[in-house]
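Novice: Pasting the feature list from TrEMBL:
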TRANSMEM  12-32  transmembrane segment
TRANSMEM  53-75  transmembrane segment
TRANSMEM  87-108  transmembrane segment
TRANSMEM  120-141  transmembrane segment
TRANSMEM  175-193  transmembrane segment
TRANSMEM  205-224  transmembrane segment
TRANSMEM  271-290  transmembrane segment
TRANSMEM  311-332  transmembrane segment
TRANSMEM  338-358  transmembrane segment
């Protein structure tokens, strides 16, 4: 490998690991969790964590779209910006992932953070997510995805809302881009400020840092790791990423890739990439934060039923995350930061699936209470 390419690849990996360290530490401290934000709303009508999530989303959108408008970033090669919209996969995959994250007591990212803080239960969940993700990418589940669900799609001139509207309205794309961002910032910001009395430092800092890390991932993979002309292929390349494209923060496929790397690390064809560095960094960052704050606690499953529930949730997350082309971080924040049409579909799926699973678990608890009371 050319020395400059090797050095650039190392830089992308190191920065990916650093982003993971920060995400793990901040996630452990602030309790940032999409599943928790949704179930807090369902159970208590409490929206503090949802406001933290929205703050992260708004910062991610503003930062990413601002860099795109300024011409600093060029992310057309990102998987989220491909013009073929597999709408059924986004919606159904999101619903499957949403149900899985409730059954598994947290999404893939939250499971990483909890595993770093001592949860053996989350470590088992991560193993299930990894195996299921690999099966969905190129194994037993791949046929259903590639030959079935992904074929239900529409071809669009553009995958993102600013360029789609600009083409339809014959307006400058950056004018629409900045107008949409301003509208979202005002509407979302007002809702966040309405509940500011219930937001502490953890919510403000947690949401702010997560949003900035979403932007940082695009900068690292889309700018730092970009070669206008690779010395071997003489074509544009993005080094250090598993997809050879610009990548945002996403965890389902990278968790699967991490397992594959651990299995085949001695194989010369197996190399580290940005996603694997991100996963390892997140785990270590959470562990460091938990140790420093004296919150590291070993925990495991309550019983066989609890184990089975979490394993089912893990499998659903692995398949659903791959089908939706991203988890609550991948589609939910990274995809949303690009203002794609697929992201809202996946978000709707996350909400539908998580609500259905929450209702199911609530019914089980009520049924158990009746049986015990009787």
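Glycine is no exception: its Cβ is also placed from the backbone N, Cα and C atoms.
Note: TrEMBL annotation is automatic and uncurated.
Walk me through where these features lie, including what they touch and how far apart they are.
Specialist: Sequence-distant neighbours of the transmembrane segment (53-75) (same chain, 6+ residues past either end, Cβ-Cβ under 8 Å): 32, 34, 37, 81, 162, 174, 177-178, 180-181, 184-185, 188-189, 191-192, 203-204, 206-208, 210-212, 214-215, 218-219, 222-223, 226, 246, 332-334, 336-339.
With a cut-off of 8 Å between Cβ atoms, the residues of this chain six or more beyond the transmembrane segment (120-141) that come close are 104-106, 108, 110-112, 114, 252-253, 255-256, 258-260, 298-301, 306-307, 310-311, 313-319, 321-323.
Tertiary proximity for the transmembrane segment (175-193) is limited to same-chain residues at least six positions away from its ends with a CB under 8 Å from its CB atoms, namely 51, 54-55, 57-58, 61-62, 65-66, 68-69, 161-162, 165-166, 169, 199, 339.
Using a Cβ-Cβ cut-off under 8 Å and counting only residues 6 or more beyond its ends in the same chain, the transmembrane segment (205-224) has close neighbours at 8, 11-12, 15-16, 19, 22-23, 26-27, 29-32, 51-60, 63-64, 67, 72-75, 78, 238, 240-241, 245-249, 274, 278, 329, 333-334, 337.
Only residues 6 or more beyond the boundaries of the transmembrane segment (311-332), in the same chain, are considered here, and those with a CB under 8 A from a CB of the stretch are 34-35, 57, 79-80, 86, 89-90, 92-105, 107-109, 124-137, 141, 145, 149-150, 214, 248-253, 256, 342-343, 346-347, 349-350, 353, 357.
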Novice: Could you give the residue numbers and ranges of same-chain residues that sit at least 6 residues beyond the transmembrane segment (87-108) on either side and whose C-beta is under 8 angstroms from one of its C-beta atoms?
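Specialist: That would be 33-36, 38-39, 114, 121-122, 125-126, 128-129, 145, 149-150, 152-154, 251-252, 255, 309-310, 312-325, 327-329, 331, 342, 345-358, 361.
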Novice: I need to check the long-range neighbours of the transmembrane segment (12-32): which residues 6 or more away from its ends have a CB within less than 8 Å of a CB in the stretch?
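Specialist: Tertiary neighbours of the transmembrane segment (12-32) are 49, 52-53, 56, 109-110, 112-113, 116-117, 202-203, 205-207, 209-210, 213, 216-217, 220-221, 224-225, 239-241, 249, 272-275, 277-290, 293, 295.
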